[in-house]
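Student: The structure is given below, and queries will be raised subsequently.
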Amino acid sequence: MTQAECVECGADVDLYDDLEVGEIIDCGTCGAELEVIDVSPPVLDRAPELEEDWGE
Amino acid sequence: MSGADATATDADAHDADAEYTAGVIGGTGFAGGELLRLLAGHPDFSIVQATSRSAANKTVGSVHPNLRSLDLRFTEPSDLESVDVLFAATPHGVSMERIDAYFEAADTVVDLSADFRLPSAELYDEWYEGHDAPEYLERAEYALPELNRENLAGADLIAGGGCNATATILGLKPLVDEGILGPETGEVVVDVKVGSSEGGAGGGAASSHPERSGVVRPYAPISHRHEAEIGAYLGLDVSFTVHAVDMVRGASATCHVFPDGPVSKGDLWGAYRGAYEDEPFMRLVSGGGGVYRYPEPKAVAGTNAGEVGFELDASNKRVVVFSAIDNMMKGSAGQAVHAANVALGLEETAGLEFQGLHPVGSP
């Protein structure tokens, strides 16, 4: 299992070997949703956020 | 131990394999009930006695319906049995009067009231009605392990933190540790929302259901006593306001922090990860995915967890910090059991593993 750094909190994120570009994973430390930009070596970026009107 | 008739037949409370015996003073209150629930499920404690003036000789289950299976009756608080650890969940002022008797009955005393929280008699003169046993204040250790773990090991007098103070301290401590906040650095405004159980089981006119239901009531706009703990243990003067809201359990603190210098998101993550990544009960919840993006009392109801999160509001030079606890657990009984675990060298999470419920209604 390889690791990459979370771009939100800096924690190491465990990655599965069959990771694919475009896949969305989440950081186990901060919960940020991360998009796999590259797999060799693995690179993560913040996933596009779904804008929501929480109405609050 | 010399069990009274009322407790001698107890099957659930007395675990023959448990290493330590425990007593609970003030067992009919909400915090006392939570202590009994936690100790009944704790692998290292057996409950010898639960006292109550108002419910002496009645079963614990008659007061706490979730504990009907606990074969234990309340006894008079004047007849304390000998135990290893005595948990006191009485109103403020009782423990300071009876502390000598507590130590005659137990090796270790864990007090959930405010009676030993503050480090000096002068602070009790300023924030409470003075102190009857100031000679014990230096001996007492503040119960919050995330703040005081090293000093809790081996402590024999443990003082439970206030729930609003606990929520606030957990939120701000990482910033203090990193020097982002300090006695001379930055300003803080704290707004806490709390549930009705914080007022205790006694109630009053303001706590009756028709009056309490649906409120967002600023019950302590200024000068809340918990400011004293925050000042004593974080070294901060905070502007502190507490609202009573329509929850039964829960304390949610929003801390508006105005640091003196620039702070980056990376600085903040470094501070919070450094403080809490290895803490067994702390969860960082800060803008990630899903529905629950920030600390939420519902998510920790019934657990000893503390959730902490933050956002950087660079345009206003503000950091907003959120924290959420169950006031009966991390803010009271759970904190007390956690501290006792540390003091006795037990597994820190023993008896506190419950992960909460989802989905769940108003906590």
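Just so it is clear, glycine is given a Cβ too, placed from its N, Cα and C backbone atoms.
Those TrEMBL annotations? Automatic predictions, nothing curated.
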Student: Need a hand: TrEMBL gives B:Thr28, B:Gly29, B:Phe30, B:Ala31 for NADP(+), which of B:Asn316, B:Asn327 is also on that list?
Tutor: B:Asn327
Student: Spatially, and counting Cα to Cα, which of the binding-site residues is closest to B:Cys163 (active site)? Options: B:Thr28, B:Gly29, B:Phe30.
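Tutor: Ranked by Cα distance from B:Cys163 (active site), first place goes to B:Phe30.
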Student: Over all pairs in B:Thr28, B:Gly29, B:Phe30, B:Ala31, B:Asn327, the listed NADP(+) binding residues, work out the largest Cα-Cα distance in Å.
Tutor: 17
Student: Taking the Cβ of B:Thr28 (NADP(+) binding site) as centre, how many other Cβ atoms lie within 10 Å?
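Tutor: Other Cβ atoms within 10 Å of B:Thr28 (NADP(+) binding site): 24.
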Student: So what sits near B:Ala31 (NADP(+) binding site) in its own chain, CB-to-CB under 8 Å and at least six residues off in sequence?
Tutor: B:Ala89, B:Leu112, B:Met328, B:Ser332, B:Ala333
Student: With DSSP, how much of the domain 'Semialdehyde dehydrogenase NAD-binding' (B:21-155) is helix, how much strand and how much coil, in residues?
Tutor: 48 helix, 30 strand, 57 coil
Student: Just how many other Cβ atoms lie inside 10 Å of the Cβ on B:Cys163 (active site)?
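Tutor: Taking every protein chain into account, the count is 28.
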Student: Would you mind listing, in sequence order, the residues at least six apart from B:Asn327 (NADP(+) binding site) in the same chain with a Cβ closer than 8 Å to its Cβ?
Tutor: B:Cys163, B:Asn164, B:Ala167, B:Val194, B:Gly195, B:Ser197, B:Glu198, B:Arg249, B:Gly250, B:Ala251
